[in-house]
Amino acid sequence: MAGGFEVAMTGLDMTYIWSLLGFIVMVRSMVPKKVTDAVVALLRTWWAQLLVFVNPFCCFHIFEYGTSPRGYRNRLYDTVQTYLRGEGNFRQVNALQLRRSDTDKHISFSLLGREVMTDNYEGITVWWTHTVTRERGRDRGKFSLKIYKRQKAWAMASYMDHICSKAADYRVNIHHLRLYGVSGGRWRCRTFGHPATFDTLTIDPSLKARIIADLKAFVECEEFFRKVGRPWKRGYLLHGPPGTGKTSLIAAMAKYLEYDIYDVQLNEIASNRELKLLLTRTKRRSITVIEDIDCSLNLSGERECKEPAASSYSSCTSRSNITPSGLLNFADGLWSSFCDERIIIFTTNYLEKLDPALVRPGRMDMHIHMSYCSFEVVKILMANYLSTSTHPLFETIEKLLGEGVLITPAQVSQVLLEKKDDPEIALERLVCQLELMKENLGKEEEKNEFEEYQQISTAGNQGRTMEMSPLKRGPNHMRKQLGVRYSQNRNPQLTHQQVVVQRNLKGRGGRGQPRGRGRGRSRVPFFG
């Protein structure tokens, strides 16, 4: 009896269900499609809200690239990936992408596919999921953080700060310095492998100590910059002749601070707007470098290429539309303060070519003159190249340098490098080089003094103080014009100005005689 009742009830239920379905189909056929679509969408929305209400979890998504058309890389994505790698969470996954470039010291790896990792911080467990999708012809990764809803505030504050801090610490331990350059309006990087350090840098020891102390004070004075209301940045201007070690100093500063380098070639940047965009793409703890700024940008008149061997540019005329105003804003404008702990370095071979507004305090806080070699610098070079700290020729070298011979560290290094295995020959060649430069220096001084003498003569003719040029009237007439008693047998007692004139008139041909082809006959001094 009970079994028959159950069969009857089952048949009744099925009849009811089929009738309901038939009614729904009939109503749907009578109602317009737009209305049915709206009802279905509403039901789906209600269902999704119901699932959100009953679901105890929430998710944060971190995309590898932004949603803009240019698709700039999301730095937080790299931070999360570095954190997970540093905490050893990658051991939980089964698929990794390995890569290594020619300049990398270690193998780097990243996640592939749909991988799930767990992390625990302050007794709270979270879940990280990594997915990869292909968009616009390239793979794009995404990290998803899954946590309980009640821990949302904790994740936004404490946990994310923990991730950034740990990632920064781990990056310092594994970080390889990067050298960034501009290509196609974007930064492209390579591993920076310049070997220069402050230990091998060949500059004056007192200047080296002053630079190191300044860099150390800059790194440790974040709170001071906040207190006085200044952006946490520092500007350095390196100026001096070519071959004095400006590039090596930049490399040593980057190695000492462990900062990446952004090399800005102004000739490759089209406008002020592009320069500003590139500036906003630089990272903190970095050095922005503009080398040969007087050659890259016309700041105070077009520069002539007087020394083509000292510059890698084929032409000194800039094709860029960057204005001095745009460069000033780059160095010290509102946009220059968006990123903390940053250093800007300008280099130039001709300090006088630069606009004073560009190198004033506040923009270039420290001016560093990279000068010619002193004896202390030469000793450092000899210790580095020849492993020699004492030698009998040291006194000769010190004497020649004290007599005004100017030689750059690059020139000394070239001489020592050629005979690095034989210190004796290397030092002898260096002494010969210095003596040759001393001889050329004397000729150059004579030439300059002769030009100065011609200017004095020209000024005298213009002022009607002399009836005719001293060069035409002879040396005795010049001395008479200055009120000097001249004697062929002895030197007169002269004032400083008169001594200069006598030196100009005195050549190698004889005492008190202008040098020429015939001693005492030529009216015009000849300087070889």
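Every residue, even glycine, has its Cβ placed from backbone N, Cα and C.
Annotated transmembrane segment per TrEMBL: 7-26 (among others), in sequence order.
Here the transmembrane segment (46-66) has long-range neighbours at 72-74, 76-77, 80, 140-149, 152, 155, meaning same-chain residues at least 6 beyond its ends whose C-beta is under 8 angstroms from one of its own. The transmembrane segment feature in TrEMBL is assigned to 46-66 (among others).
The domain 'AAA+ ATPase' feature in TrEMBL is assigned to 232-374. Applying DSSP to the domain 'AAA+ ATPase' (232-374) sorts its residues as follows: 47 helix, 27 strand, 69 coil.
Under the heading coiled coil, TrEMBL lists 427-454.
The annotation region 'Disordered' is assigned in TrEMBL to 503-528.
The compositional bias 'Basic residues' annotation in TrEMBL covers 505-522.
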PLDDT averaged over the residues of the coiled coil (427-454): 77
